[in-house]
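Visitor: Found this in TrEMBL, in case it helps:
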- 1-87: domain 'Pyrroline-5-carboxylate reductase catalytic N-terminal' (DOMAIN)
- 229-372: domain 'Ferric oxidoreductase' (DOMAIN)
- 182-200: transmembrane segment (TRANSMEM)
- 232-252: transmembrane segment (TRANSMEM)
- 273-294: transmembrane segment (TRANSMEM)
- 327-347: transmembrane segment (TRANSMEM)
- 359-379: transmembrane segment (TRANSMEM)
- 399-421: transmembrane segment (TRANSMEM)
Amino acid sequence: IGVLGSGDFARSLAIRLVCSGFKVVVGSRNPKRKAGLFPSAAEVTFQADAVKKTDVIFVAVFREHYSTLCDLADVMAGKVLVDVSNNTEINHHKESNAEYLASLFPACTVVKGFNVISAWTLQSGARDGNKQVLICSNNQEAKRTVAEIAQVMGFTPVDMGCISSASEIENIPLRLLPAWKIPIFLGLGLFLCFFTYNLIRQVIHPYIREQKNKLYKIPIEVVNTTLPCVSYVMLSLVYLPGVLAACLQLYYGTKYRRFPDWLDQWLQHRKQIGLLSFFCAALHAVYSLCLPMRRSHRYQLIEMAVKQAAEKKMNIWVEEEVWRMEIYISVGIIALGLLSLLAITSLPSIANSLNWREFSFIQSTLGFIALVISTLHTLTYGWSRAFDENQYKFYLPPTYTLTLLVPCTVILAKVIFNLPCIRQRLLRIRRGWEKGRYVKFVLPSATGEYSSGETSSNV
């Protein structure tokens, strides 16, 4: 295998090829100076010599340096050139790098591939990075050759079609979290809404009504009150689209009708929404552990102790509050543990080790249990506070009561869908049954002849 170039990617590529058992010839303009950068098993020589000795050549140079290879056009005729380059911006050029390389060397066969693999992944092996290698070319035999090389190197080749797909492949490494934009904006929107709501209740209300400065609560207390609200609502939003999809299937009586685009996008982003829910829950746990470490908390304890001594109270133990806090924290720990399990199993390396039934059980069944336990965590926190008029500041209800709306709707819908009559109908629809579908039947007539007709499958 030939490698043209001496940069980081070329070195990592040569190392991986050598480790995979290939004989590697590296072409460089300064072979003596670059020889020490490559493994000893690789031959480092001039570019022309490297091209002559190999039939498959990885072109590991930048697009702007393609013209420096034009002197080798005659020697490269009939060779397979693998373009591994990327751009600095999405759709930076009218034509892809692979198409531009093909135009410079019309006598060669150009294959686009390995550009979505990082130099670190090449050095550490496919087990520590993305295993997919996207390949496209107009020549099926050349694609097959490059795919076999990728398989020997430990990667999974994916045929992306003709060379016209090279632009799409080259844009993939330049996209910044394309599947995370909607979930992140959703999470930020919920955070700002709940943060503003809590700010009004915990800071602005005491300042207006009692002239007390509570600004110190903003960095930790207000944020810590906001995080569980965001986490709880986003966890319910993971399972709400499934409920809506089931309602549509029951309403139309078929599984073959396309969902609306917004619902389809929602279903596709459930994994990212769930991971953000876990992230907010983990931050909530850390913030809660840090609450007693604050200086303000210490001052409040001292003030409470002084007040108790002044009133000569020997015991302020409240059995109901003790039990409420014990149950509240215990249920919260269980919910966080289940969310951790959901987050871990969503990782590709873990998910690939599970069969479909195991993955579905963890993500669906245990996920719903996590939502139920989170609801118990919220209800235990509220206990009887929802009926305390002092909790309604500016006539605004406590924040946790607002968060219960969506999760309780999801739980109620799940319970309804598990009723035998609805569950059986939904199961039939998902197995292909359709409402209003007509089937042919054949009945004998009075004369003994058979006549055909149609009736609804409902009958």
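Cβ coordinates are placed from backbone N, Cα and C, and glycine is handled just like the others.
Help me see these features in their spatial surroundings.
Guide: Across the domain 'Ferric oxidoreductase' (229-372), DSSP classifies residues as 120 helix, 0 strand, 24 coil.
Listed as Cβ neighbours of the transmembrane segment (182-200) (distance under 8 Å, sequence separation of 6 or more from its ends, same chain) are residues 218, 222-223, 225-227, 229-230, 233-234, 237, 265, 269, 272-273, 276, 280, 393-394, 396, 399, 402.
Residues 183-184, 186-187, 191, 220-221, 223-224, 227-228, 230-232, 234-235, 237-238, 332, 335-336, 339-340, 342-343, 346, 367 of the same chain lie 6+ residues outside the transmembrane segment (273-294) yet bring a C-beta within less than 8 angstroms of a C-beta in it.
Through the fold, the transmembrane segment (327-347) approaches residues 235, 271, 274-275, 277-278, 281-282, 285, 354, 359, 362-363, 366-367, 369-370, 373-374, 376-377, 380-381 of its own chain, all at least 6 residues removed from its boundaries and within a Cβ separation under 8 Å.
Counting same-chain residues at least six beyond the ends of the transmembrane segment (359-379), those with a Cβ under 8 angstroms from any Cβ of the stretch are 228, 231-232, 235-236, 238-239, 274, 328, 331-332, 334-335, 338-339, 341-342, 345-346, 351, 400, 403-404, 407-408, 410-411, 414.
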Visitor: Counting by DSSP secondary structure, give me helix, strand and coil numbers for the domain 'Pyrroline-5-carboxylate reductase catalytic N-terminal' (1-87).
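Guide: Going through the domain 'Pyrroline-5-carboxylate reductase catalytic N-terminal' (1-87) residue by residue, I get 40 helix, 19 strand, 28 coil.
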